[in-house]
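Annotation comment: TrEMBL describes 4-167, 175-350 as domain 'EngA-type G'. Summarising the annotation, TrEMBL assigns GTP 1 binding site to 10-17, 57-61, 119-122. Positions annotated as GTP 2 binding site by TrEMBL: 181-188, 228-232, 293-296.
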Amino acid sequence: MADPIVAIVGRPNVGKSTLFNRIAGDRISIVEDTPGVTRDRIYTHANWLGHDFRMIDTGGIEIGDEPFVTQIQAQAEVAIDEADVIVFVVSAREGLTDADEKVAKILYRSDKPVVLAVNKADNLEMREDIYDFYSLGFGDPYPISSVHGTGVGDLLDAVIDGFPDEEKQEEDHSIRFSLIGRPNVGKSSLVNKMLGEDRVIVSNIAGTTRDAIDTKFTADGSEFTMVDTAGIRKRGKVYENTERYSVMRAMKAIDESDVVLVVLNAEEGIREQDKKVAGYAHEAGRGIIIVVNKWDALKKDTHTIDDFEAFIRQQFEYLSYAPIVFVSAKTGQRLDRLPAMIKRVSENHNKRVQSSTLNDVIMDAIALNPTPSVNGKRLRVYYATQVAVGPPTFIVFVNDPEMMHFSYERFLENQIRAHFDFEGTPIHLIERARK
Ligand code: GDP
Ligand code: GDP
């Protein structure tokens, strides 16, 4: 199941993002290799003493020109909606403020565990002078210094104590998928249309977090779980149309899915935010289907589909493995194809191939296009083996991994794809030196 979520809340300037970066550590500086992707630093994966979790810096969700009170209220609501555990940050330097009490009042309404962090307690004296903060009513305050790192370990121990029991989560063998895309591309219309009519809705099951409702249904004889249907169907909160929030939602849905439908709007073409969102799904190694919605709204001739497809291929070069389908949530056109496509991509994403066949393919590939050599030294490929699924991951044993250039790796990947059906899924090749 998906890792638990920790949300960091607090009034501006208490040090939320400093704490977020401190906990995320060097994960956050991972260099992106997908064009168009810049890491939005409000959602990340983290780990403490072997516990994986996800983290949201709610301070990064700013809503246009809304007044201060609306901003902090919205941020606290995001924490309540999304998190399993909330870290409420106040400042030892400024002491208790009215704004802190406003945040506290909103958090009282939640039944999620709240851990109180008194940040900027940079020295011993400040670490001991935290008694005022008991009045907030969240139990023991944890004095920390996000800048120096002191106290953060004890804080995280308390956070992990608040995680839900893993054993309570039941096993689920359905195919999990989500729809992602910027606002207005038609996600909720697609959800409604797909779940309507002849689909049998099995149940609404609560996900890892209470408010993320997943919907199960059966189609073509298979069970599917549509992830986060509650988040897609609009609930009308002020923060739901901010870009940061929708990106955060998308990243969260991606984490909880096997297959991701990247929804585009045929009427509006491709925007920067589409690339960003698709880039996250690619980086996460999920199965991907590109769904071009509102196909009914376009004036078409015989070239339209081919032209549009060529344009998408050019704009999303790194998604060359993803099938594209042109649909309309309005008329229902081609929506009946989606379950079978999702199933196939999910199977490919979890496919294992035989080592003997794999090595035949690779040796044939090398015979066809010999490995490169540099200064008289030739790259040698000895053996390849699949080590993981979801996405399929292969270790290729070579004499010198440095000599495996991007273009030759791409060639091997294409040869593998030509022999096995991996449509819809990224595949990873990892070179290892064998002596
Ligand atoms: P946010 O608005 O809550 O996300 O706050 P920031 O993380 O942007 O921090 C606000 C300011 O407080 C920055 O100037 C930080 O350098 C500073 N700050 C953050 N944590 C600490 C800390 O532990 N000690 C001190 N002295 N300053 C801190
Ligand atoms: P979301 O923000 O991605 O969930 O988008 P919505 O589902 O709310 O749709 C945004 C707007 O696009 C609404 O006005 C829909 O009626 C409209 N819309 C959605 N799907 C289609 C479609 O297939 N064709 C047309 N013409 N309009 C659509």
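Note: Cβ is positioned from N, Cα and C throughout, glycine not excepted.
What TrEMBL annotates, mapped onto the structure for a quick look.
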| residue | record | CB count, 10 Å |
| --- | --- | --- |
| Gly10 | GTP 1 binding site | 26 |
| Asn13 | GTP 1 binding site | 13 |
| Lys16 | GTP 1 binding site | 26 |
| Thr58 | GTP 1 binding site | 30 |
| Ile61 | GTP 1 binding site | 21 |
| Asn184 | GTP 2 binding site | 13 |
| Lys187 | GTP 2 binding site | 26 |
| Thr229 | GTP 2 binding site | 21 |
| Ile232 | GTP 2 binding site | 24 |
| Trp295 | GTP 2 binding site | 23 |
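Taking a Cβ cut-off of under 6 Å from any atom of ligand 1, the binding-site residues Asn13, Lys16, Thr58, Ile61, Ala121, Ile232 reduce to Asn13, Lys16.
Taking a Cβ distance under 6 Å to any atom of ligand 2 as the criterion, the binding-site residues Asn13, Lys16, Thr229 reduce to none. As a whole-number mean, the pLDDT of the domain 'EngA-type G' (4-167) in this prediction is 88.
Between the CA atoms of Thr229 (GTP 2 binding site) and Gly10 (GTP 1 binding site) there is a gap of 28 Å, rounded to the nearest whole number. Distance from the CA of Trp295 (GTP 2 binding site) to the CA of Ala121 (GTP 1 binding site) is 57 Å. Considering only the binding-site residues Gly10, Asn13, Lys16, Thr58, Ile61, the residue whose Cα is spatially closest to the Cα of Gly181 (GTP 2 binding site) is Ile61. When Cβ atoms from all protein chains are considered, those within 10 Å of Gly181 (GTP 2 binding site) total 24, not counting its own.
Nearest in space to Lys187 (GTP 2 binding site), taking C-alpha to C-alpha distance over the binding-site residues Gly10, Asn13, Lys16, Thr58, Ile61, is Ile61. Counting every protein chain shown, the Cβ of Ala121 (GTP 1 binding site) has 25 other Cβ atoms within 10 Å.
The two recorded residues, Gly10 (GTP 1 binding site) and Ile232 (GTP 2 binding site), have Cα atoms 26 Å apart.
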